[in-house]
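One structure is given below, encoded as structure tokens.
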Amino acid sequence: MRQELIERFTRYVKIDTQSNEESHTVPSTPGQIEFGKQLVEELKQIGLIEVTMDENGYVMATLPANTDKDVPVIGFLAHLDTATDFTGKNVKPQIHENFDGKAITLNEELNVVLTPEQFPELPSYKGHTLITTDGTTLLGADDKAGLTEIMTAMNYLIHNPQIKHGKIRVAFTPDEEIGRGPSHFDVKAFGASFAYTMDGGPLGGLEYESFNAASAKLTFKGNNTHPGTAKNKMLNASKIAMEFHSQLPAEEAPEYTEGYEGFYHLLSLNGDVEQSKAYYIIRDFDRGNFEARKNKIKQIVEKMQEKYGEENIILEMKDQYYNMLEKIEPVKEIVDIAYDAMKNLNIEPNIQPIRGGTDGSQLSYMGLPTPNIFTGGENYHGKFEYVSVDNMEKATHVIIEIARLFEERA
């Protein structure tokens, strides 16, 4: 299995599948379509049936049940795209067998070094086989590690029919990194009662709480005149934007929060005297606090509109996704099975809230409760990204054990 994981993963990461937020096509980039087509062929070769790829690039397939028991249909999902934060073109994965726990020089020429000082978890991987970047790109373990693990688990189950399981559906989705993953996902066609995204990080990660999320776009309009004769005439849009921002709690920002704490995050601010635009994201685990945060923004805007004119401050706010805990709690047994699967494999489950969202956040509200499971990667979205092959192997066995436990408990 180990060599199969390495071969499959290193092949996948060399395919450029970065999504593109500016694009209006589905999926947002052609690389995802090409990758999807390759996965369709590979799924067929492995022996899965009902292998499809729709016009939006969603790949689905079935591993038929090999038991007479009435087992719920379960699904495993991963996403095709990689993050937009750093280049994902020409990825050159580097394999480090029996890692010594010390600093790894990723790129001598550019002096890119993965150090324990910067990444304190690094020495804990001593003895593992690590796959890193060459220091010039991201790796794409998010989420090609998940794709690799699902493929490898399906192949293993086909070749080990003594492991009894119900019907399993797999799906590979585009554009997760730009928040559009579930936008065109056909829950009915997928036909699973529950699913798991293989899209987590380090060993043991089991996540079924996510942020409630909203975005706020603010447009501030000013009036530009010659600064020499501007008294009582000029209205500086950039200053109005700064005034707005100053009324948000400074300590409730990503750089000051952790755990279950929510925040307001100014993603971008640009403009001039005539017009300025600010883009925020609002995040909180608690629905009441989430609504209160949105109301605070509305109240600040309304107060400032009284001062500067309604037409000069325009707010566009929309909800993005909600905390999946609300939809997963009624079917908590799916979390319990994943927990027990890890325990059976001597993996200590690490249950943490996701300070972000996964496809599962939205899918859970679309009728497909979907917790998230670790894949074995670290430092996603940048040149210091790496993955432990040892922990990819463990994640693959978690998939297999979940399938076995669902059948055993049916």
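Glycine is treated like the rest: Cβ placed from N, Cα and C.
Keep in mind that this is a model prediction, so the values were computed, not measured.
According to Swiss-Prot, the protein has these features:
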type: ACT_SITE; residues: Asp81; note: active site
type: ACT_SITE; residues: Glu176; note: active site, proton acceptor
type: BINDING; residues: His79, Asp142, Asp199; note: Zn(2+) 1 binding site
type: BINDING; residues: Asp142, Glu177, His381; note: Zn(2+) 2 binding site
What residue among the recorded positions Asp81, Asp142 has the most other CB atoms lying within 10 A of its CB?
Asp81
Near the Zn(2+) 2 site, what residues other than Asp142, Glu177, His381 in the same chain have a C-beta no further than 8 Å from the centroid of the listed C-beta atoms?
Thr82, Ala83, Thr84, Asp85, Leu138, Gly140, Asp143, Tyr380
Cα-Cα separation of the residue listed as 'active site' and Glu176 (active site, proton acceptor), in Å?
7
Whole-number Å only: compute the distance from the Cα of His381 (Zn(2+) 2 binding site) to the Cα of Asp142 (Zn(2+) 1 binding site).
8
Measuring Cα to Cα, how far is His79 (Zn(2+) 1 binding site) from Glu176 (active site, proton acceptor) in Å?
6
Pairwise CA distance, Asp142 (Zn(2+) 1 binding site) versus Glu177 (Zn(2+) 2 binding site), rounded so that it is a whole Å:
9
By Cβ count within 10 Å, point out the most packed of the binding-site residues listed: His79, His381.
His79
What number of additional C-beta atoms lies within 10 angstroms of the C-beta atom of Glu176 (active site, proton acceptor)?
25
Same-chain residues six or more away whose CB lies under 8 A from the CB of Glu177 (Zn(2+) 2 binding site)?
Gln18, Ser19, His79, Asp81, Thr82, Ala83, Thr84, Asp142
Non-site residues, in chain order, whose CB comes within 8 A of the mean position of the CB atoms of His79, Asp142, Asp199 at Zn(2+) 1:
Ala78, Asp143, Gly146, Glu176, Glu177, Thr197, Met198, Thr358, Asp359, Thr375
Neighbour tally for Asp199 (Zn(2+) 1 binding site), based on other Cβ positions within 10 Å of its Cβ:
29
